[in-house]
Amino acid sequence: MLRRLLRVVLALIALGFLGYGLATNWDETTGAVAAMSPWAVLGAFAAVLLGQFFILMAWREILAGLGTRVPLRIAGRIMFVGQLGKYIPGAVWAYAAMMDLGRDHGSPPRRTFATISLSLVINLGVAVSIAAATLGSLEAVRKAWYLVLLVPVIIVCLHPKVLTWGLNLALRIARKEPLESVLPGRTVVVAVAWTALGWFVYGLHIWLLSGRSDLYLVATGAYAFAWATGILTIVVPAGVGVREGALVLVLAPIIGTPAALAVAIVSRLAFTLADAAAAGISFVLGRQAASSAPAYADQNGSGSTALTPDRNLSGSPEA
């Protein structure tokens, strides 16, 4: 009962911060939306939802590779409902929520933690690689040349043995048991493929909002660059403000500053609404199927599944 109450309270807090973010930017958002084609805005929202689905496929593949296979709707409930915690200031909430939800469906917290972390690394690697490949000729991005240096580092880090070593090191620092086995190479390849597909679909939403039919590759790279910049700035929840600034930096020389600002504002709105919609849909679908996985017993020998501070690992995932 206490655990369920805690979940409800945390969910309400997350939704409260999400709503607050929308309310504080209401005038700018409505103005930006009004200046665009309704079909472009709806198409952008649909593209974000589809991109999130592909990212979910990658996330589920990683979780399965680490030893926990769950139905797609259960994976969606763990990931989409849990990631609402990113809207709460503080780095721990999304990780903690996903770990707790994963526990309900047979995934030990360390395994869910590893899945979130691996997904974040893969997303960062794919985003930086796409940005480097598509925006290398833009002066605005040349000033961030240091991001390109991350590409070979991330490629090395995506090797299954390196990934497993890094995660086990993090788990030892957090005083958790290491992973049972090395992540299969096939899992990494499939997860990277799903993630790349998700990012190219994400690019559609910026392309639609820009109103320029010739800007698809630039739009995809611009959002990848903006997201990577935001995720590397961990001092604000969900990269708020940083992502938009980076997006305007890239797009303003091409489509003009006012249009770039409008694209950035509506992009944030599309992702916020998509996060809420995906969480709501996954919550409903996830409740319709009881998990067939065995209940997870606490690693320390306690049968309790309550969210307690010693089970919370810090990190700041992004969608």
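Note: Cβ is positioned from N, Cα and C throughout, glycine not excepted.
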Of the residue ranges 2-20, 78-96, the one that TrEMBL records as transmembrane segment:
78-96
Let me spell it out: take the transmembrane segment (116-138), skip the flanking residues so only those 6+ beyond its ends count, and list any with a Cβ under 8 Å from a Cβ in it.
55, 58-59, 62, 94-95, 98-99, 147-148, 150-151, 154-155, 157-158, 163, 167, 170, 183, 188, 191-192, 195-196, 199-200, 217-218, 220-222, 224-225, 227-228, 231-232, 250, 253, 315, 317-318
